[in-house]
Amino acid sequence: MKTLVWVEHDGGSVKDATLATVTAAAKLGEVHLIVAGQGVGDVAQAAAKIAGVGKVHVADDAAYANALAENVAPLIAELMGHHDAFLAPSTTTGKNIAPRVAALIDVMQISDILSVEGPDSFTRPIYAGNAIATVKTRDTKLVLTVRTTAFEKAAAEGGSGTVEAVAATGDAAKSRFVAAEKAESARPELTSAKIIVSGGRALGSEEQFHALIDPLADKLGAAVGASRAAVDAGYAPNDYQVGQTGKIVAPEVYVAVGISGAIQHLAGMKDSKVIVAINKDEDAPIFQVADIGLVGDLFTVVPELTDKV
Amino acid sequence: MKIVVPVKRVLDYNVKPRVKADGTGVDLANVKMSMNPFDEIAVEEAIRLKEKGAATEVVVVSIGEPKAADTLRTALAMGADRAVLITADQPVEPLGVAKLLAKVVEEEQPGLVILGKQAIDGDNNQTGQMLAGLLGWAQGTFASKVEIDGETANVTREVDGGLETVALTLPAIVTTDLRLNEPRYASLPNIMKAKSKPMATKTAADYGVDVAPRLTITHVAEPGKRQAGVKVGSVDELVEKLKALGVAK
Ligand SMILES: Cc1cc2nc3c(=O)[nH]c(=O)nc-3n(C[C@H](O)[C@H](O)[C@H](O)COP(=O)(O)OP(=O)(O)OC[C@H]3O[C@@H](n4cnc5c(N)ncnc54)[C@H](O)[C@@H]3O)c2cc1C
Ligand SMILES: Cc1cc2nc3c(=O)[nH]c(=O)nc-3n(C[C@H](O)[C@H](O)[C@H](O)COP(=O)(O)OP(=O)(O)OC[C@H]3O[C@@H](n4cnc5c(N)ncnc54)[C@H](O)[C@@H]3O)c2cc1C
């Protein structure tokens with residue numbers, strides 16, 4: 001089987017989510033990549049070094065600069081004329097593009113795969129991860145999004161793919177990128193961090209969230225996450241949200257501070273290796289999944305902890 | 001401008017899903033069903049656009065069992081004007097739903113279709129993007145803000161790195177994220193009024209669309225369970241544990 005993997009990049013380097021997706025694709029067959037963007041020569045060169053990669057298709061054109069689905073989907077649909085499977089990581093970019101590709105080539109997408117059971121069979125979470133479905137498709141081509149925490153990362157070096165330019169399919173002129181408001185942070189990225197400190201509604205305000213969670217995270221070299229309640233209340237930005245409808249994370253250590261442990265939150269972090277919970281309610285559901293729990297008032301516990309680690 | 005809002009009837013988000021012992025699916029017998037929360041947000045947004053004068057009519061559509069009529073009544077009680085119920089005898093997958101919705105769009109000629117970004121049962125996050133692909137329309141997914149400006153919709157999207165704004169040429173597709181708005185509750189008088197609002201009933205066959213499933217769910221299992229661990233009595237004990245994990249120095 002010939003697979004085509006969407007390379008997630010920031011214009012300069014290949015994002016980690018790509019590496020896990022390559023691992024999933026390699027279970028199906030030959031791995032080819034598509035790098036779409038503007039001025040992405042370096043990205044393509046880097047992508048060609050990923051272990052196990054064959055051809056790297058590069059579509060370098062202004063129309064792909066911001067990965068608008070209206071422009072990118074026709075490009076991939078065309079490449080799917082000679083590929084059997086399209087795989088994208090379950091990032092917001094992957095989720096935006098893949099179903100549009102699926103519709104263009106009349107394939108029912110399988111979202112968020114956790115494992116490859118065979119050439120037409122996959123497992124995926126449903127109901128916020130409270131059930132795992134094994135699905136089999138009768139489509140002759142595959143469109144898959146990949147839950148990146150479920151697959152090991154392919155080695156970023158050691159491959160020797162060949163880079164090949166593909167003709168651009170043009171600007172669909174349906175949509176236009178206007179602006180991005182991206183948080184610049186020196187902290188590790190949430191989805192690839194080894195340690196995460198997350199804060200919940202109990203933090204009470206944006207000021208307290210930053211005053212308590214940030215120093216602990218910085219001391220541990222951790223990324224910062226949040227519950228939906230904390231994001232809705234404006235204590236933390238939207239891209240911090242961990243959960244069923246936010247980011248899915250699986251770090252070595254996840255520290256939940258003042259988070260109750262609603263199923264929608266657990267859906268995003270229960271595959272973490274070690275879960276630490278700090279909550280003043282000893283019956284909080286988070287303690288049912290926590291490896292290490294501390295019952296206490298976060299306003300005294302967290303500063304003390306930050307001091308001592 | 002007309003707005004079409006597809007709404008799905010799903011297991012209520014407060015109910016803990018239980019996997020059936022025979023591994024065929026999740027037990028939906030005698031459990032509370034509600035409108036998918038993202039679809040409530042979609043209905044609310046459409047109604048607000050109408051209240052602001054940017055839209056003239058809000059049409060809600062649901063594909064599913066006859067009981068999806070309840071979900072449509074809820075949307076009508078919130079303030080939608082008219083409903084279309086498309087019944088199907090087996091679950092319709094997102095691609096099939098998108099194909100049916102494309103036919104509804106052909107009939108209704110809306111300027112905007114607002115969907116939820118994902119249904120909390122299937123968690124597919126596909127239907128809106130597929131509909132946009134089938135129609136060749138622009139898509140603004142995971143929206144936290146929607147502004148109509150003449151022939152353009154400016155949509156702010158929640159993306160992995162933060163926020164992004166795109167300008168879409170109408171007609172267009174929008175899918176909702178959690179922070180787009182806070183949906184209203186239907187008042188009792190509006191629930192009564194909703195009973196007399198028009199609801200057309202159709203079947204998938206009426207649209208001449210092939211909605212036969214492409215996927216078979218061969219097995220549904222419970223995920224691996226985590227065991228509750230230990231509770232520590234003090235911050236010092238916690239620090240010791242973190243040191244043992246190599247997390248603290
Ligand atoms: C469609 C839908 C999607 C959703 N998606 C997500 C999602 O992706 N991610 C997500 O997180 N949620 C999601 N939710 C929301 C979820 O249901 C919960 O409402 C949310 O996770 C609760 O956040 P919380 O734990 O911070 O707040 P709460 O549930 O209010 O918990 C606060 C906790 O802090 C504790 N506490 C209070 N004061 C202190 C103190 N001084 N010291 C220590 N502990 C204290 C309390 O005991 C309590 O356990 C979703 C909901 C819906 C309907
Ligand atoms: C054999 C088989 C058995 C299945 N059994 C079950 C089962 O027991 N329980 C179950 O929940 N699913 C079952 N499914 C899956 C189900 O039929 C759908 O494929 C899936 O739930 C739809 O995906 P989604 O709602 O997650 O789509 P998403 O793409 O996540 O939905 C996004 C948005 O699209 C709109 N939308 C989606 N569906 C509809 C609809 N029907 N009407 C109106 N608007 C809609 C809404 O605005 C929604 O917010 C089964 C599928 C198969 C093939």
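Positions of Cβ are set from backbone N, Cα and C atoms, glycine also.
Over in TrEMBL, the protein carries these features:
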BINDING   A:Arg201, A:227-228, A:241-245, A:258-265, A:Asn279  FAD binding site
DOMAIN    A:3-181  domain 'Electron transfer flavoprotein alpha/beta-subunit N-terminal'
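Structure coloured by features recorded in TrEMBL.
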residue	record	contacts (Cβ under 8 Å, 6+ apart)
A:Arg201	FAD binding site	A:Ser227, A:Ala229, A:Ala230, A:Ala233, A:Gly258, A:Ile259, A:Ser260
A:Gln241	FAD binding site	A:Gly225, A:Ala226, A:Ser227, A:Arg228, A:Val231, A:Lys247, A:Gly268
A:Gln244	FAD binding site	A:Ala128, A:Gly129, A:Ile263, A:Gln264, A:His265, A:Ala267, A:Gly268
A:Ala262	FAD binding site	A:Ser227, A:Pro285
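Using a 10 Å radius centred on the Cβ of A:Ile259 (FAD binding site) and all shown protein chains, the other Cβ atoms total 30. Using a CB-CB cutoff of under 8 Å against chain B, the binding-site residues that qualify from A:Arg201, A:Gln244, A:Ile259, A:Ala262, A:His265 are A:Gln244. Its Cβ placed at the centre, A:His265 (FAD binding site) has 27 other Cβ atoms within 10 Å.
The DSSP secondary structure for A:Gln244 (FAD binding site) is coil.
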